[in-house]
Amino acid sequence: NILGREAKCTNEVNGCPRIYNPVCGTDGVTYANECLLCMENKERQTPVLIQKSGPC
């Protein structure tokens with residue numbers, strides 16, 4: 001039973017694209033897009049996965 005999938009990071013030097021394509025993290029937080037969730041994981045050293053596409 002898979003809880004979620006790993007967020008894929010792009011190697012964007014300027015940060016994430018400003019595209020609103022929300023994903024729901026396994027931490028119960030809605031992220032504006034997959035890239036932003038991935039960046040948060042990198043900054044906080046957390047293993048949050050994508051629970052589902054769309055807001056939580």
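Placement of Cβ uses the backbone N, Cα and C atoms for every residue, glycine included.
Source: prediction; values computed, not measured.
The following features are taken from Swiss-Prot:
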- Cys9-Cys38: disulfide bond (DISULFID)
- Cys16-Cys35: disulfide bond (DISULFID)
- Cys24-Cys56: disulfide bond (DISULFID)
- 3-56: domain 'Kazal-like' (DOMAIN)
- Tyr20, Asn21: site 'Necessary for sperm binding' (SITE)
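The separation of Cys9 (disulfide bond) from Cys16 (disulfide bond), Cα to Cα, is 9 Å. Taking Cα separation as the measure, Asn21 (site 'Necessary for sperm binding') is nearest to Cys35 of the disulfide-bonded residues Cys9, Cys35, Cys38, Cys56.
Of all the disulfide-bonded residues given, namely Cys9, Cys24, the one with the smallest number of surrounding CB atoms inside 10 A is Cys9. The recorded positions near Cys38 (disulfide bond), taking a 10 angstroms Cα-Cα threshold over the set Tyr20, Cys24, Cys56, amount to none.
With respect to their backbone Cα atoms, Cys24 (disulfide bond) and Cys35 (disulfide bond) stand 12 Å from each other. Summary for the disulfide-bonded residues Cys16, Cys38, Cys56: the Cβ-based neighbour count within 10 Å is maximal at Cys38. Ranking the recorded positions Tyr20, Asn21, Cys35 by other CB atoms within 10 A of the CB puts Tyr20 at the bottom. Cα separation, Tyr20 (site 'Necessary for sperm binding') to Cys9 (disulfide bond), rounded: 16 Å. Taking the Cα atom of each, Cys56 (disulfide bond) and Cys35 (disulfide bond) are about 17 angstrom apart. The CA atom of Cys9 (disulfide bond) is located 6 Å away from the CA atom of Cys35 (disulfide bond).
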